[in-house]
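Participant: Below are the structure tokens for one structure; questions will follow.
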Amino acid sequence: MSNESFFYQALVYLATMVVFVPLAKKLNLGSVLGYLLGGIIIGPALLGLIGQSGQDLMHFAEFGVVMMLFLIGMELEPSLLWKLRAPILGLGGLQVVVTAMLIGGLAMACGLPWNQALVIGMILSLSSTAIVLQILTEKGQMGSAAGQSAFSVLLFQDIAVIPMLAIFPLLAPAGTTLTAEETSSLIEHQPAWVKTIVVLGAVLGLVIGGRYIVKPVLHIVARTRLRELFTASALLLVVGIAVLMTLVGLSPALGAFLGGVLLANSEYRHELESDIEPFKGLLLGLFFIGVGATINFDLIENSPWIVAGLVIGIMIVKFIVLAGLGKLFRLSRDQNLLFSFALPQVGEFAFVLFSFSAGAKLLPQQLVDLMMAVVAISMALTPLVMLAYEKWIQPKFEGMSKENEREDDKIDERNAVIIAGFDHFGTVIGRFLRASGVPATVLDLDSDRVDLLRKMGLKVHYGDASRFEMLKSAGAEQAAIIVVAMATPEKNLEVVQAVKKHFPHLRMLVRAVDNADAFDLMNAGVLHIYRETIDTSLRLGTDVLEMLGRRAYQSQRAARMFRRFDEKSLKGLAAFRDDKQYVNAAKERIEELQKIIQADAYTNMMIRDTGWERDNAEERN
Amino acid sequence: MKILILFAHPAFERSRVHARLLKAVRTLPGITLRDLYEEYPDFDVLPKQEQPILEKHDLIILQHPFYWYSGPALLKQWMDLVLEHGWAYGKDGVALQGKYLMQVISTGGNAHAYTAGGHHGHAVCDFLLPYRQTAALCHMDYLPPYIVPGSAHIADEDLARYADGFVQLLQGLSNNTIDLKALMRQPEANMLTGLPGLLPAPPR
């Protein structure tokens, strides 16, 4: 590749990222879809900007997946693995086994020999860690029950690749593995059992090498205090693992994952993470572009129905298995739907495994080509499926839930106080009021939490407090106060609007996340706004003062004074904000922060505590 | 005698007089010092925590600046909450019976200000009547106060003498070398140390 064409390629790829990802974000499509669309558009099917080099790119971009798995591996401290052992082994294990059996069975029914059917079943049981984690993180769903389940399943799949790679050579029909080929793998010409042993040996070597070689080397490098050298070592580590694994014919991604797990407990973990993270993001983007670019549109054109049938069939089978397992593992209905809609695509490991099986003559090249296209399309469909789920299915579910919301009418409490939203914020309020002998009617939107709290004997009602009927049945007409403490600012605003419209007599005490959120609530006419972290932050600040030897009373007084002042100045800043609506959001934040910090009055107020000024009263001494 | 100093000063970090007094007595043996504003910055006084401490001591000293003819707010809060009916006073309230109560105060004004013709129009002892009567209600004996006057302008060497006098006073009380009957006849404990208080020295 000449210099010129290298720069040309770089130009095309980087421009694709810069153009399509912000565009996709703007359209609320998520970055993954942006990359994929960009890839399709610059690919041979449409603009042809990258011609047939999409395949080369895939080799290069696979490195993004390698890095991602290294990072995932590093996230997995043994303690976390232990905590998630039930969902990982149970949910993840069953998902892989059941899906592999079902799809394998269907493949056999279509006339494939048993070993090919099994291989296809196993490969197709995997989902895309890259896409799903990216999407769930962007939607802020990683902490939810669905997110945790998805993570467990993806993790098991990532691990399951190890035995798959070990088993595949054994499944190859006798004799075929010995056919001469030009590959880089050193053990290509060995019999199957040797390969299995070498694979296991390589994994073992990685474990030992990680402990006794990598850590001491990192220690030496860290002592040079050259940041770029550490970055280089981090990359070297990942590249080294990848090359080693390729030499023994294993997936480099898998090796990187193992390497990551080995370093999860090392003191260099965060350093390595922050060094590799930007490379990962960039290369993963390339990977997604590559997936988009390598979708074989000729194949689709020639046999559209077969491809479409396979994609839809596979995704439906996987969806059914996921939904069934979700139910078995007691995910509530909304969480289970999210979980099942997130995971039915086939994952990036499939590319690796399919080419591996083609190399091992396990599967015919024609079939592999077809499956590659199917995998790419199923991955490209995922963001769209999620979008469709959010647009049409989730709201419908909320509508459906009205039916089984017998609680709507069954709320027999008539309390002066209603609490809307009962996560960690609302819970404290509810507990405090209860301890003070003030009963409150509690509404919450998270069905899992409602179930849990009910089991613990608390009276909590499932329902959306932004709906008129729900508020009415919670006794909003008779109540005097509503505490609005929903999980997101958007939902809070919805409740505020509903209360203002239907129950204007209710006094609203509303949770705000930060200043910007508080401004929005002010604009909505809310008088009593409670910023989540202000009190905690001030309490921490008070403790700092006390640890520095300031008197406890003075520190607490200072904190109270600060808060009073801050709340007053917040109102001033709200007006300031309105005038500058056109200034872009980031600039606005910075200006606001500057204004706050520069406000001399803060410092003066704190240092000149007028209350105890001697001039103030002759008698104070 | 076991001595408990209940110290109440909301702006101790600005204080010169009390900082000096406490520095002098902080390490004396047999004396417990309890800084109320440090203990209860949020005014959430816990009677059940305070009462056993009082029971363990024989002399309770309220040490504070003289604010608005009385003690600082937290001291009043402390009295309101800790001196419970049935414990300190009332039918079975004998927990403090036979103990002594004493005040150690600093005032901004000088001796003349606390006279009928002065700035404040009354003797400082008149303003301390609520404390005297509180002691009486709790079956305690009220000892005359030790007073550091003119706190805003007091010279360092004078302040040092007051601090020494405070040490002598506490040591004498602690070792029972002070004649309490004689002390109680004095209007101010300053008379014992020979330091000027708010009253002119009695004619001898």
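Backbone N, Cα and C define each Cβ position, glycine as well.
Residues or ranges marked as domain 'RCK N-terminal' in TrEMBL: A:414-538. Residues or ranges marked as transmembrane segment in TrEMBL: A:6-25, A:32-51, A:57-76, A:88-108, A:114-137, A:149-172, A:192-214, A:226-247, A:305-325, A:337-358, A:370-389.
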Participant: At least three Cβ pairs under 8 Å linking the transmembrane segment (A:114-137) and the transmembrane segment (A:226-247), pairs spaced 6 or more in sequence?
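Facilitator: They are not in contact.
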Participant: By a Cβ-Cβ criterion of under 8 Å, what residues six or more beyond either terminus of the transmembrane segment (A:6-25) are in contact with it?
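Facilitator: For the transmembrane segment (A:6-25), the list is 31, 33-35, 37-39, 41-42, 49-50, 53, 57, 285-286, 289.
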Participant: Is the number of Cβ-Cβ pairs under 8 Å between the transmembrane segment (A:337-358) and the transmembrane segment (A:226-247) three or more, considering only pairs separated by 6 or more positions?
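Facilitator: When sequence-distant Cβ pairs are counted, the transmembrane segment (A:226-247) does not touch the transmembrane segment (A:337-358), since fewer than 3 lie under 8 Å.
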Participant: Report the DSSP secondary-structure composition of the domain 'RCK N-terminal' (A:414-538) as helix, strand and coil residue counts.
Facilitator: 55 helix, 25 strand, 45 coil
Participant: So what's near the transmembrane segment (A:370-389) in sequence-distant terms, Cβ-Cβ under 8 Å and 6+ beyond its ends?
Facilitator: 28-30, 32-33, 36, 40, 120, 123-124, 128, 131-132, 135, 139, 291-292, 294-296, 299-300, 306-307, 310-311, 314-315, 337-338, 341-342, 344-348, 350-351, 354, 363
Participant: Mean pLDDT, the domain 'RCK N-terminal' (A:414-538)?
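Facilitator: Averaging the confidence scores along the domain 'RCK N-terminal' (A:414-538) gives 88.
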Participant: At a C-beta cut-off of under 8 Å, are there same-chain residues at least 6 beyond the transmembrane segment (A:149-172) that contact it? List them, or none.
Facilitator: 69, 72, 76, 84, 87-89, 91-93, 95-96, 115, 118-119, 122-123, 125-127, 129, 132-133, 136, 142, 192-193, 195-196, 199-200, 203, 250-251, 253-254, 257-258, 322, 326, 329, 331, 335, 339, 342-343, 347, 349, 352-353, 356-357, 360-362
